[in-house]
Amino acid sequence: MEKNTNTNHTSDDNNDKNHTNEEQEKIILNPNFEDGLNNWTGRACKIVLHESMDSGKIVPLSGKVFAAATQRKDTWNGIQQEISGRFRRKRVYEVTAVVRIFGNNVTSATVQATLWVLNANKREQYIVIANVQATDKNWVELKGKFVIHGSPSRVILYLEGPPPRADILLNSLVVQHAKRNRPSPPPFYENPGFGVNIVENSEVLDGGTKPWFTLGNCKLSVGQGAPRTLPPMARDTLGPHKPLGGNYIVVTNRTQTWMGPAQMITDKIKLFLTYQISAWVKLGVGVSGSSMSPQNVNIALSVDNQWVNGGQVEVTVGDTWHEIAGSFRLEKQPQNVMVYVQGPGAGIDLMIAALQIFPVDRRERVRCLKRQVDEVRKRDIVLKFSGLNDDESFDLFPYIVKVKQTYNSFPVGTCINRTDIDNEDFVDFFTKNFNWAVFGNELKWYATEAERGKVNYQDADDMLDLCIGNNINVRGHCIFWEVESTVQPWVRQLNKTDLMNAVQKRLTDLLTRYKGKFKHYDVNNEMLHGSFYQDRLGKGVRALMFNIAHKLDPSPLLFVNDYHVEDGDDPRSSPEKYIKLVLDLEAQGATVGGIGIQGHIDSPVGAIVCSALDMLSVLGRPIWFTELDVSSSNEYVRGEDLEVMLWEAFAHPSVEGIMLWGFWELSMSRENANLVEGEGEVNEAGKRFLEVKQEWLSHAYGIINDESEFTFRGYHGTYAVEICTPAGIVLKTFVVEKGDTPLVISIDLSSL
C-alpha cells in the first residue's frame, strides 16, 4: 500500500474559524477570583481567599485577592476547577497561572498544573501540563499547554506539588487557545567556516600556552610526543589533513576534578551551527601517586555559567592516547562561552592534544551518504518480458515501461500512546507514514501492574489492535527496566524470593498473553545505566530474563536497549561497554537478537554516529534506532537533525530499522522535537521527514530494449509497473527483497 504523505490534517472539530468565536470561549471561570471562590474547590484540602498574608508581606500581584490551598496533607492536594464541557477536543490550550508557596518552613518547591481526565470507559488519565519552581518570596508564572484527544466524561484542572502543610497560593489562572506562532526562517550562515578550528593554539606549536589559562591553581606546560594524525572521527569529517606537530598541553598539580585548561571562544560561536569537538587525551600519574582506576575526561563548555557537554571518555592512567569526541549547538546568543577540559581525580596529570572545535557541513555529509545508500539499500532489477510482437510495429511503437515504488520495506516506526489513538487525525498520519510502532508506556510493568496483583492490559490491547488492523508491526517495550527510579514501589519492597517470583510471573503473563504478536522485545531496558534487578537477584538474572522470554515466545528478537551509545556524551554507555554487555550476556547463555540504540540525541554529527555503528557491527546483530528524537527551537534545524540521523542509519548496512520516539506535539517527552503541531499541521521538520521518505522510493521510466528487458536499480519494497503496448496497458506489481544478485521478474505480455 502506498504511504500517503499529505501535510494537512484538518477537520470540522479543529476548524475553529468557522465555528467558534474565541473571545467567547471561557475555559476557566472566575480566573482572577473577582467572584470570590465560586467555581473553585479544594482537592482534598481547604481553600481560602486572602487580600494579604504574612502580616501584609504577601499581596496579590494583580487584582485585589488571591486564593490559598491550605491544610494540605499530601503532595497532590491543591486548588482545582472542573472544565468539563467547556473545552474542545483536538484543540491546543495554553495555561498561564501566577503562583507562590507559603508555610511549613518551605522556601522553594515545585508547583505543577495537572489535568485529571475520566474517559467514557472509566479509565483515568493524568496529564502533566507544566511545572515551575515556586518560592515563598515572589510570585512566579507557570505556563504550559495541553490537548485532549478524546471525548472524556469529566476533566479537572488542578495545582499540586509542594510538600504537605505548605500552602499553594494562586493569584490567577487563565486557559486560552494556544495559537501557533509563525516558525522562524531557516538560519542564514554567512561564511560558516565549515571545518575551520575555532580553538586558538590548539597544537601549542611554539611551546607557549597562550591564550589558554587554568581553572584553579593547576599548572600548564607543553609536552612532546602526541599523535601526529587527527583522531579518527575528526578525520572522517574533515578528510585529508596535514600532519600534526606532536605537541600537547600538560596539566599538573590538579587538586580538584574540575581543574584543567580553558579558553574563551565567545566571539567565534555562530548560532544554530552544529560544532564537532575532537581531541586526543591521556592521563599520567601525578606527584601524589593517584589511583590507577579508570577516570572520566570531559570536554565541556561554560555557556553563561551553564555546563554544556562536549564529549566524555573513560581513560586509564598510562601511555595510551584516547580519542574524545562530541558535538554541541547554541541557539540563544550567549554573553560568555568558555571551553575547558576536566574530569580526572585529584593528583592525576591531564594531557590534551589537537583539540578541535569546528562547524560541520552536514549537508555535504548527507550527499555522501546518498551514494552509500545506493549500494546498501538498493538492488538491480531486470524486468524480462515475453510475448512481445515480433513484427515491425515494435520499432514504430516501442513498449513504454513506467515503474513506481509504492512501499519501501525498510522499517520506519514511531512511538504512540493510548490517548493519541483517540484522535483520528493522529491515527491518519500514523498509519499513512509508519510501518512499525512501539508503545510509550502502556506495556511497561509499572503501567500494567501499578499495584500488586491488579493487572491491566486494556490500553496495550487497544493499541495492538489498531496496529494489527493496519498491518503495522510492533516492538515490545519493555519487559523490565533496570533503572531503580522506574520500578514501581511494590516491586522495590519485595524480598529476594518474592522478587524472583514476581519477575518470573511478569515474564509468563506478558509473553504468554502476546505470544507471536510482538516482533521485538526490549528485555531489560538500560542495563548500562541501572542495576536494580541484578543487585537484588544476582548477575545471572539478566541472562535468565532473556532465556525465559525466548522459551515462552521464540518468535520475537530479544533486544538490549540503551541511550547515549551513539553520541560520545556518556562514558557509561560507550560502544565498547555496550559490546562487553552483550558478550557477557551471551557468555551466560542469553539469546541477544538485536542491539537497540535509543537515539535521544542533541546536535548529531554523522561521523560520531557512524563510528559507534561501525564498532557495534562487530557483534553481527541487527542494530535498530529504537527511540529517535531530535530537538531544536528552529523547525528547519530540527528537520536537518532528523535528516542527518535518518540517512546515517539508512546508509549503514548493520542498521535494520528506525523508530521515532513520537511525532505529535504534546505527545512527546522532549520539547521542540515534534514533527506535527498539536492541531494537525505538519511543521517544517515534519515536511523534511516526509521529503526524505519520498526520496526512499524508486521510480524508473523507459522502453523495453532489444533483449526484451527493462533494467533499473531500486530500493527494497513493493512496486507497480505499467507497460504501455500497442494493444493496451498492462499493470503488474512485484516485490523486491534484499539480495546481492540482480532480481529477474518475468512478465508475460502474450495475452494481449
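Residue numbering: from 1, along the chain as shown.
Backbone N, Cα and C define each Cβ position, glycine as well.
Given the structure is predicted, the values throughout are model-derived calculations rather than measurements.
Taken from Swiss-Prot, the feature region 'Disordered' applies to 1-22. Positions annotated as compositional bias 'Basic and acidic residues' by Swiss-Prot: 10-22. Feature annotation from Swiss-Prot assigns domain 'CBM-cenC 1' to 26-163; the stated evidence is sequence analysis. The domain 'CBM-cenC 2' annotation in Swiss-Prot covers 197-344. Look at Swiss-Prot and you will find 397-692 tagged as domain 'GH10', backed by sequence analysis. Annotation source Swiss-Prot lists active site, proton donor at GLU526, citing sequence analysis. Per Swiss-Prot, active site, nucleophile is recorded for GLU627, and the stated evidence type is sequence analysis.
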Checklist entry - In sequence order, which residues at least six apart in the same chain have a CB under 8 Å from the CB of the residue listed as 'active site, proton donor'? => result TRP481, GLU482, VAL483, ASN561, ASP562, TYR563
Checklist entry - Where DSSP helix means H, G or I and strand means E or B, what are the helix, strand and coil counts for the domain 'CBM-cenC 2' (197-344)? => result 10 helix, 63 strand, 75 coil
Checklist outcome for this item: In three-state DSSP terms, GLU627 (active site, nucleophile) is classed as strand
Next on the checklist: With helix taken as DSSP H, G or I, strand as E or B and everything else coil, how many residues of the domain 'CBM-cenC 1' (26-163) land in each class?
Outcome noted: 0 helix, 67 strand, 71 coil
Checklist outcome for this item: the residue listed as 'active site, proton donor', DSSP three-state class -> coil
Item to check | Integer mean pLDDT for the domain 'CBM-cenC 1' (26-163) | outcome: 97
Checklist entry - Under a criterion of Cβ-Cβ distance under 8 Å and sequence separation of at least 6, what residues of the same chain contact the residue listed as 'active site, nucleophile'? => result CYS415, VAL438, ASN561, TYR563, GLN598, GLY599, HIS600, MET659, TRP661
